[in-house]
Number of protein chains: 2
Amino acid sequence: MKRLNSRDPHFTEALRQLHDWDANLDPLVENRVREILAAVRERGDAALLEYSARFDGLHLETAAELEIPRRDWEEALAALSAPEREALEEAAHRIRGYHERQKLESWQYREADGTLLGQRVLPLARVGIYVPGGKAAYPSSVLMNALPARVAGVGEIHMTVPTPRGEVNPWVLAAAAVAGVDRVFRLGGAQAVAALAYGTELVPAVDKIVGPGNTYVATAKRMVFGRVGIDMIAGPSEILVISDGSAPAEWLAWDLLSQAEHDELAQSIFIAWDAAHLEAVAAAVDHALSQLDRAPIARQSWQERGALILATDAADACRIADGIAPEHLELAVADPEALLDKIHNAGAIFLGIHSCEALGDYVAGPNHVLPTGGSARFSSPLGVYDFVKRSSLIGASAAGAATLGALAERLARAEGLTAHARSAAARIPGH
Amino acid sequence: MKRLNSRDPHFTEALRQLHDWDANLDPLVENRVREILAAVRERGDAALLEYSARFDGLHLETAAELEIPRRDWEEALAALSAPEREALEEAAHRIRGYHERQKLESWQYREADGTLLGQRVLPLARVGIYVPGGKAAYPSSVLMNALPARVAGVGEIHMTVPTPRGEVNPWVLAAAAVAGVDRVFRLGGAQAVAALAYGTELVPAVDKIVGPGNTYVATAKRMVFGRVGIDMIAGPSEILVISDGSAPAEWLAWDLLSQAEHDELAQSIFIAWDAAHLEAVAAAVDHALSQLDRAPIARQSWQERGALILATDAADACRIADGIAPEHLELAVADPEALLDKIHNAGAIFLGIHSCEALGDYVAGPNHVLPTGGSARFSSPLGVYDFVKRSSLIGASAAGAATLGALAERLARAEGLTAHARSAAARIPGH
């Protein structure tokens, strides 16, 4: 864990090093992914079966076995205890409710001469959701990726999840049932992305692929971008907590570690302007670390990537946070709304000491798929808007075409584009 | 030019070959671009000066000369004739008006227990617009990229345009002045993308890069995606015209060629269900081709990439178009609104025989930066929504945190995430 002080003359550089994170562009990984994409594209299901045997230790005889039938998800859901099932369904209900507010409507207007202009919004036809296996197999991820697509009105939602040696997380299947996913395939890695992008006999090609994954998955998504849509290239998860000391140090320690326990590369940053409070939180983190199921992961994350920053005051803390553009920002202060104007870049903003990130991860309603690695400067939480597409509508009346045609002709001539000019001019009567 | 008939048993495969287009992923180009990105990142302006000398034949002594000062743009604008300037300003006025309707508002709501949920929408702080030089130096491109950013409220808009051997298109500069661009740099290729993504002493790093470019530019954008936002990986331009014979063949020929004259790789597809009408349009295209300033480009495009498709009827034509997901779709029919329900995938839809693509390219108002290469299946015209970012707002009341915390704790336990569970539980009184 690093200790920084914003009064330090080298603070800016130290801060840059702390949060500088570049998307992974390893040429060796790229070459392997390129091979996998080409193999699946050319040989379809046969290649999928080979990769599943090689990478997942999964020896299947027919491609059909790559699909996990709906009765398996329904059984997984039925096997949950009542409180577990209630928590999953209530989370889904709240996520759905929040995302309903993100719906976009088509619009159009008519000008005085009868010309119609507008924008039509339609859901995507088919979407693929990549769900990681292993230590990052989270049912909440299934809800957060599938429900906005469902709210958007997407026709078909297909999910892929790797099942190493056949192991499948029953919570993930239960979440697929709750979220209303249409089909589930036991596929992971670049080959899952390839199947979704190009389609095979078993797996239909989709229009967009969303969901987090390791560096192979991220590289594959980057490579198929253009043929299909992708959500974002997710980096490690981050939390940044700004505290005025209103919350007990212990609460803040759990908050910081709820990020660190995700992944060794996850980053937890704590900013305060009271040095004694900073030390109290540092001590609370040390104490809390030993109580975690995933203590080794959290400890490594906190030691190597964590930071305690002493700022001069609340405004300074906000300035620092804004430069980092964190995925999760907790304003653990008595009057969070007073700081909101000073913050421009953050995926999700948690207001006040009762708003811990864990609420947002599961049940508050907003999406937990958020821009990482500073990309909150330019991108947004996953939302309904990611599962629709827009078409412009241009319906020129005869009179409108004459007026607009004269202008278009002039500009087309300036660009040396004769056919454009003639096409516009043809609609002007007597031209 | 290919002739296809939808009754042909091999039609589906022939159609696939016609519009199959993959984003360029040439490993040799990638390696060169990777070098350029690294050089600009490490050596900043010095690398920019070297590349400008090497690729643009532009021998400058100081980095400051890489900036084109505002007085040059203002002179370029002042040098236009009155009708030229009026056309440019009227186009800007109409584009601005249409895009005003795309503005997104922040929203929030409070639940019964006082918990606040919402979404804040803010403009990006700084955006870079890449404008190609040479044969694709279009002033309309400057308007279409800069104005949505301006309407979104973007803080600073910086433009790069290559000026081979110092040549600069005065229309492009005039358009920068009209669109309210903030700074212009004479930079092109992967080095321009690198400068915008990483920043140099002269060129500030931006949050997002938009605008079309050649394969080096597209590859560079793909590689810096994640560090900065990008718009889309633009492929060649396409038009697809569905005609019931209501428009004169000559009009339709100009429409088809207004795409073909852009670029040898541009694609023009004509679909009708009346064989005689199809032949009349074929003949009109041949006749019109000889009258173009850019006849060689248009001829090559039409011969190698163009297509005439004989469909069985209007519904069949729409089905074919929907599979192609064209950038521009003209419904050159008497009752275009009757076909609209059958179309799901198109960047811009031109309704009726008076709505030619050229109107949309310049002055109708909607953006001419549209999804190409079939990506209208999942992406949208460039718009104000591309220049804003959203942050989720989560302000749990004490009561809300207790209710939500109990649910979150259960789900966190299911995922084996102790710190999440403890963080949520800490907010439940008496826990």
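Just so it is clear, glycine is given a Cβ too, placed from its N, Cα and C backbone atoms.
Positions annotated as active site, proton acceptor by TrEMBL: B:E327 (among others). Within its own chain, B:E327 (active site, proton acceptor) has B:S237, B:E238, B:I239, B:A346, B:G347, B:A348, B:L370, B:P371, B:T372, B:A376 as residues 6 or more apart in sequence whose C-beta sits under 8 angstroms from its own.
The feature active site, proton acceptor is assigned by TrEMBL to B:H328 (among others). B:H328 (active site, proton acceptor) carries a strand DSSP state (E or B).
Feature annotation from TrEMBL assigns NAD(+) binding site to B:Y130, B:Q191, B:N214. Under DSSP, B:Y130 (NAD(+) binding site) is assigned to a strand (E or B) in the three-state scheme. Counting only residues at least six positions away in the same chain, the Cβ atoms of B:M159, B:T160, B:A192, B:V193, B:L196, B:I209, B:V210, B:G211, B:P212, B:G213, B:V217, B:K221 sit under 8 Å from the Cβ of B:Y130 (NAD(+) binding site).
Among the features that TrEMBL reports, substrate binding site is placed at B:S237, B:Q259, B:H262, B:H328, B:D361, B:E415, B:H420.
Within the same chain, the residues at least 6 positions away from B:Q259 (substrate binding site) whose Cβ sits under 8 Å from its Cβ are B:S237, B:E238, B:I239, B:A266, B:Q267, B:S268, B:S301, B:H328, B:E357, listed in sequence order. According to TrEMBL, the feature Zn(2+) binding site maps to B:Q259, B:H262, B:D361, B:H420.
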(request) Round to a whole number and give the Cα-to-Cα distance in Å for the pair B:H420 (substrate binding site) and B:Q191 (NAD(+) binding site). (result) 44
(request) Filter the binding-site residues B:Y130, B:S237, B:D361, B:E415, B:H420 down to the ones with a Cβ under 8 Å from chain A's Cβ atoms, keeping sequence order. (result) B:D361, B:E415, B:H420
(message) Measuring Cα to Cα, how far is B:N214 (NAD(+) binding site) from B:E415 (substrate binding site) in Å?
(response) 46
(message) Can you give me the Cα-Cα distance between B:Q191 (NAD(+) binding site) and B:D361 (substrate binding site) in Å, rounded to a whole number?
(response) 28
(message) In the three-state scheme derived from DSSP, which category covers B:N214 (NAD(+) binding site)?
(response) coil
(message) Test of understanding: give the count of other CB atoms lying within 10 angstroms of the CB of B:H420 (substrate binding site).
(response) 29
(message) Say we define neighbours as other CB atoms within 10 Å of the CB. Which of the binding-site residues B:D361, B:E415 has the fewest?
(response) B:E415
